[in-house]
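Just dropping this structure here.
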Ligand code: S3P
């Protein structure tokens, strides 16, 4: 049996833990490990507001006087490659009493920001984007007002930006999502004492006069990072894999459901932990035979980060798999739809994009080749998983980008390789 117990700290939860620990006055210790570059981007940005943040091996210490005491940053806030940092910050800055510029790296500077700016402007925000609706965003904080808003895309980043604007701006908000997305921001809001209610795809938030946030907070391992090994173990021959200390928030585990429907043998088990907000536990996987399925449009938002690795799984499954309505993949860290299609073709898997649907026919024979990752961490990890499943030569052009979310990926890859069995 192969056992992994130190997955990187959940990226989405780490960003939000840092945000709430910075917004609310006090000293807090965030327990976790292997924080990726995206999380370091959030730290860099909040330090620019005057928050004292120190990163140690397995913990981050945040000392803040609260958002009311934030200072105006002297330079643009650089969100690096992190869409979550940029979009959640846009929401926060909309209500801060000064001017902030948010910038990002080449990939982030091409991603759509109008979807965030438009509802914030409806709340009264003053935001200027580049002509094509991207970063840099120049935000002049304003007094905000309530809105009742229907999100045009199912995006947890967008929903969170609006909730955070309402939180800092001290106004109520109602948001309706086209489909359910991860609910970490809502869980944090509820933990700090905000009035927040969710029924189906509608969320109501009402501000309170005072909030409290615990002095210690434990960040679980990243369920999306776990997905690479869950797929590997499902496809490899005769493997039993246990992943421990993983976040088991149901809004992040729909990929497990998809794999089970494809025939995977996966068991999750919750355990009690210091984290009262987010579920934590283990994922146990046994190798099995997978078959193709159709994944409906309504399920896509919940598996958005795992579609590339699920697409790879489909390339090893019997029959055809179809992922419906995956257009959002085009505006991730790379055009992930094109990138995964190219990767699959390179290894011998027939697939095609029909409108916004991705059709994949499982192959019987696979081969190596030259893989372009487009500097996208999730594409690079898919390429590495393909390379350990297939007994052939691979040339993957950039794997440094993996550090964005999974700095200890290659340690785990080595561990897996020792117990690895290729399928071909
Ligand atoms: C995230 C939400 C998702 C996801 C991203 C992290 C978050 O983006 O792809 O990796 O932490 O809220 P969208 O909400 O834009 O789909």
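Cβ atoms here come from the backbone N, Cα and C positions, even for glycine.
As the structure is a computational prediction, the values presented were derived from the model and not from experiment.
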11, 111, 157, 336, 378 bind phosphoenolpyruvate in TrEMBL, but which of 80, 83, 193 does that record place at the same site?
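So the phosphoenolpyruvate site in TrEMBL includes 11, 111, 157, 336, 378 plus, from the candidates 80, 83, 193, 83.
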Long-range same-chain neighbours of residue 11 (3-phosphoshikimate binding site), Cβ under 8 Å, sequence gap at least 6?
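The answer is 36, 38, 39, 84, 222, 224, 405.
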Relative to the Cα of residue 111 (phosphoenolpyruvate binding site), which of the binding-site residues 12, 16, 155, 157, 305, 332 have a Cα no more than 10 Å away?
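Checking each Cα against residue 111 (phosphoenolpyruvate binding site), the hits are 332.
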Going by Cα-Cα distance, which of the binding-site residues (12, 305, 332) sits nearest to residue 378 (phosphoenolpyruvate binding site)?
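Result for residue 378 (phosphoenolpyruvate binding site): the nearest of the binding-site residues is 305.
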Tell me, how many other CB atoms lie within 10 A of the CB of residue 157 (3-phosphoshikimate binding site), whichever protein chain they belong to?
24
Just name the winner among 83, 111, 332, 378 (the binding-site residues) by count of other CB atoms within 10 A of its CB.
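That would be 378, with the highest Cβ count within 10 Å.
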I'd like to know which of these binding-site residues, 12, 155, is least surrounded, judged by other CB atoms within 10 A.
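With the binding-site residues 12, 155, fewest surrounding Cβ atoms within 10 Å: 155.
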Roughly how many angstrom lie between the C-alpha atoms of residue 305 (3-phosphoshikimate binding site) and residue 83 (phosphoenolpyruvate binding site)?
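Pair distance, Cα basis, whole Å: 13 Å.
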